[in-house]
Amino acid sequence: MRGREMTAQIDDLKKTILGHYLDVHELEMLLMHCRTITFLPNQVIYQQGKRIDGVYVILAGEVQLIARTMGEGIVNIEDLNSGDFLGELAFIEKGPCSTSARAIGRVTCLLITHTYFELLTAYFPETKYKILRAIGTQVCGRLKQMHDKVTTLIAHSDMVTLSFFGRVLSSLTQPTHLPAVINGEDIQELGKSPLFQAFTKEEMQELLLEYTQPLEAPKNCILIHENEKNPSCYIIIHGAVQSSIMYANKIAKLSVIGPGALFASVACLDHKSTFTITFITCESALLLKISQENLEFLRKNKPELWYKIFNLICGSLVALGRSINKLDVRLHIEAYNR
């Protein structure tokens, strides 16, 4: 890439979410090791249901996200512009794309591949973390858009309204703090979970023994409340937890999370967020909580451990995004059939 061309692309990247987190040297390194791809008008960048090799950053042009849904056929989801990420959900989850992306006009993208991202893990972990933060910022923005769209549908749906007694009962049900109940066997079992494959045995022990609080929660115990703004993470040892959207005194179920999984509040990525996802136990559960104070301590003092935890937090919120998408489709079908 010629010097003048790189300078122009760095100037373009400085205007993006990515440019907000990466310095000039990191942007140069990105442009030197990642491919710049040009798409013609109406060209498909990636297809719904297919896997992609990385995450795209739009350098110039406009892209339309579309999806094929039951009942409505092909639906226009969103139009994205210069600076936006493309395929970030599939990139973080390493799964199939939930939408297709099509170039509206001539589009230029930077492709950050999985291979390059893993190289950053070994040699430039802070740069990888910054890229994840940039992606996380966009994920939270889209979560907010989807949340607002779904709450509008909930308000006009036939969902059963929560009883006053039920809400009071749930608010009074609290988790119980336990003495250190995590043992070597539990740590070994959690270490087998795909979620924690990136952690060494020593890191697992340090995280679980020093920075988590064991909790026992009965059924229907709210762990992350409606409108709660404090960052917190939970690891499920036993039992199950349900994520939900609560609005207009109604509750819409998103997904059920089981043992070996981590879930996080939206505030872990966006402390200024104006929306929350509620998490409530659907059976008695044993959990490990990473508090706001410990998350902040890890961020400031244990960067290598923090980067790995942050990766799990991003994955947790991406999974929420997929669940909200499914709820959106379901509510649309119900409205269509009424």
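Note that the numbers count up from 1, one per residue, in the order the chain is shown.
Cβ coordinates come from backbone N, Cα and C, glycine included.
Straight from TrEMBL, the features:
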DOMAIN    18-120  domain 'Cyclic nucleotide-binding'
DOMAIN    195-298  domain 'Cyclic nucleotide-binding'
Local confidence of the domain 'Cyclic nucleotide-binding' (18-120) - pLDDT mean: 90
Secondary structure tally of the domain 'Cyclic nucleotide-binding' (195-298) (DSSP, helix then strand then coil): 22 helix, 42 strand, 40 coil
